[in-house]
Amino acid sequence: MSFVLGTTLLAVVTALACALPGVFVVLRKNSMLVDAISHAVLPGIVVGYFFAHNLDSPLLILGAALAGLIVVLGSEWLSRTGLLTGDASQGLIFPALFSGGVILVTLNFANVHLDTHAVLVGDLNLAAWEQLIIGGVSWGPVYLYVMLAVLLVNLAFLGLFYSKLKVTTFDAQFATSLGIRSGLLNTAFMFLVSVTVTAAFNAAGAILVIALVVVPAATAYLLSTRLPVMIALTAGIAVTGALAGFWVAYVLDAATSAGMSVFYGVVFSVVLVATRLRQRRHRNVREYAVASSP
Amino acid sequence: MSLIEFLGNHTYRMVFFGTMTIGLVAGALGSFAYLRKQSLISDVISHAALPGTLLAFLTAVVVLGADGRNMIALIIGAVIVGTLAVLFANGVTRVSKIRIDTAMAVSLTVFFGGGMLLMRIIANGAFPGKGGIQDYLFGNASVITIADLTTSITVGALALALMLVFWKEFALHTFDPDHSTVLGFRARTIDTLMFATIVIATVIGVKAVGLVLMVAFVVTPPAAARQWTRTLPGMVALSGLFGAVGSGVGAYLSIVLGRVPTGPLIVLTLFAIFLVSLLFSPRRSIITRAISRTRARAALKRELLLASAPAEGALR
């Protein structure tokens with residue numbers, strides 16, 4: 001497989017793996033929680049490295065995902081105490097964890113040589129560097145298969161728990177009365193989001209992962225009123241954006257994730273303006289009809 | 001290291017007073033973001049400050065031919081773009097069914113992505129004085145110059161003055177927006193002004209603390225202060241105090257300990273202040289609430305036993 005093809009595929013798979021759980025993230029009002037999770041990745045990786053001593057170890061992803069889960073559960077616990085209002089509970093834990101991570105890195109804890117800048121920004125082309133070679137034939141970047149596995153796990157989870165997720169998202173009280181353990185389901189879902197964010201940060205960088213998770217789903221949410229439609233649209237926007245963003249970045253010689261997030265942003269803005277104009281025209285037509293009717 | 005020795009060193013003094021100014025201003029103005037239930041807007045602002053400063057840098061170097069690291073120019077750029085990011089997030093929720101958390105996430109990542117593209121353009125081009133522009137990601141408190149300090153004090157004082165002048169409007173709009181609109185205050189104008197002060201509070205710290213950690217300066221002190229007080233003036237004052245003291249202590253510790261970076265240590269100090277407040281404050285805290293709950297249970301049990309005792313006697 002050629003390098004460009006492999007990298008493009010990696011971009012598409014990463015975008016899909018992030019965007020699909022993003023549908024429920026947006027509907028459950030957890031968008032900023034993804035931001036919090038993505039920052040907790042750093043200390044998780046440092047501690048994971050302490051145990052694994054290998055930057056490619058799956059323990060790293062697990063450690064980082066657990067750190068993400070600490071942020072999620074910690075924020076929920078803080079807001080359940082009732083002593084904090086608004087979204088403050090989400091903004092308290094992740095800076096502390098991130099600070100811990102930065103301090104560990106600078107103290108050279110476990111001799112980990114992490115470029116904190118690379119953790120935040122990420123580089124798809126670097127992630128695609130290592131090729132999987134079987135029998136002398138290149139099968140594309142190794143990381144492509146990691147992201148493919150994450151995508152499959154996400155698909156399986158969403159497929160298995162689709163109806164339960166749907167009920168807990170739209171009517172949590174009804175779900176509880178049906179006997180669905182929504183707390184457990186939520187924890188499992190957020191753990192999955194955490195794993196996805198961690199796996200994707202290698203390719204996209206911790207901050208821009210949010211773009212892959214949230215923006216396609218938000219754009220699809222503008223365009224749809226039914227969940228299956230929204231999921232399909234999200235997937236379509238994610239893939240288109242990945243392809244276009246990849247080429248924008250290629251032409252501009254910039255980081256792919258930055259190109260992708262800006263492209264998603266442009267699509268979002270265009271859709272926002274278009275739906276707004278359509279609403280206004282509808283309203284005008286209706287007012288005209290009301291005014292002209294006898 | 002003694003305190004006199006500490007304050008005798010120019011670099012240490014700059015770090016100490018620079019971070020304390022940031023902590024004070026961000027803590028005091030963060031109270032309004034906290035009470036508006038939109039604390040995380042500061043995270044959006046700090047990320048949008050990156051393209052803002054980079055655009056200001058490019059404008060200063062390419063258009064004006066001036067020094068690109070002029071602190072005032074960078075702050076103006078960051079304030080303008082930061083305010084745009086806030087208006088974008090709040091505007092999206094107003095005109096569509098997208099909710100505020102998603103709108104903030106979209107705004108954050110789009111502006112930050114734009115910043116990363118600009119960063120690449122600057123890194124690839126030959127611009128004088130582009131070194132150090134990377135500091136904005138993680139911040140570097142040891143490069144605070146006397147000019148930076150005076151600029152942050154001036155700009156911070158300006159933001160605090162705005163808050164004091166519009167105190168009544170801000171308070172009314174925060175606690176009862178409908179009433180404030182009925183009284184004839186223009187909601188959108190007050191909103192923009194209030195968020196502009198929060199933008200200023202966030203932006204002055206980005207260079208020293210870094211855009212990732214700035215959110216802690218805005219969120220943590222008000223959350224801690226809220227546990228001790230019930231009035232708005234008390235909260236703003238205490239929050240500013242917590243911010244300043246936490247920053248001072250964190251900066252002092254980081255210098256005494258040596259190799260530990262300042263920003264993260266301040267954040268951990270602020271977090272410790274918050275935890276203590278959450279656990280031990282006399283009026284609202286986890287421990288006082290647990291105690292009063294146990295007491296209430298015991299009292300209820302006593303009452304029930306007393307009430308049932310005569311009834312049992314009558315049966316016998």
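We number each residue from 1, going along the chain as drawn.
Yeah, the Cβs are placed from backbone N, Cα and C, and that goes for glycine too.
Heads up, TrEMBL stuff is auto-annotated, nobody curated it.
Features reported for this protein in TrEMBL:
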| type | residues | note |
| --- | --- | --- |
| TRANSMEM | A:6-26 | transmembrane segment |
| TRANSMEM | A:33-52 | transmembrane segment |
| TRANSMEM | A:58-79 | transmembrane segment |
| TRANSMEM | A:91-110 | transmembrane segment |
| TRANSMEM | A:142-162 | transmembrane segment |
| TRANSMEM | A:174-193 | transmembrane segment |
| TRANSMEM | A:199-223 | transmembrane segment |
| TRANSMEM | A:230-252 | transmembrane segment |
| TRANSMEM | A:258-277 | transmembrane segment |
Intrachain neighbours beyond the transmembrane segment (A:58-79), with Cβ under 8 angstroms and 6 or more residues off its ends: 33, 36-45, 47-49, 51-52, 89-90, 92-94, 97, 187, 190-191, 193-195, 197-199, 201
Contact ranking winner - A:6-26, A:33-52, A:174-193, A:230-252 against the transmembrane segment (A:199-223), Cβ under 8 Å: A:6-26
To the transmembrane segment (A:33-52), which of A:91-110, A:174-193, A:230-252 is linked by the most Cβ pairs under 8 Å? A:91-110
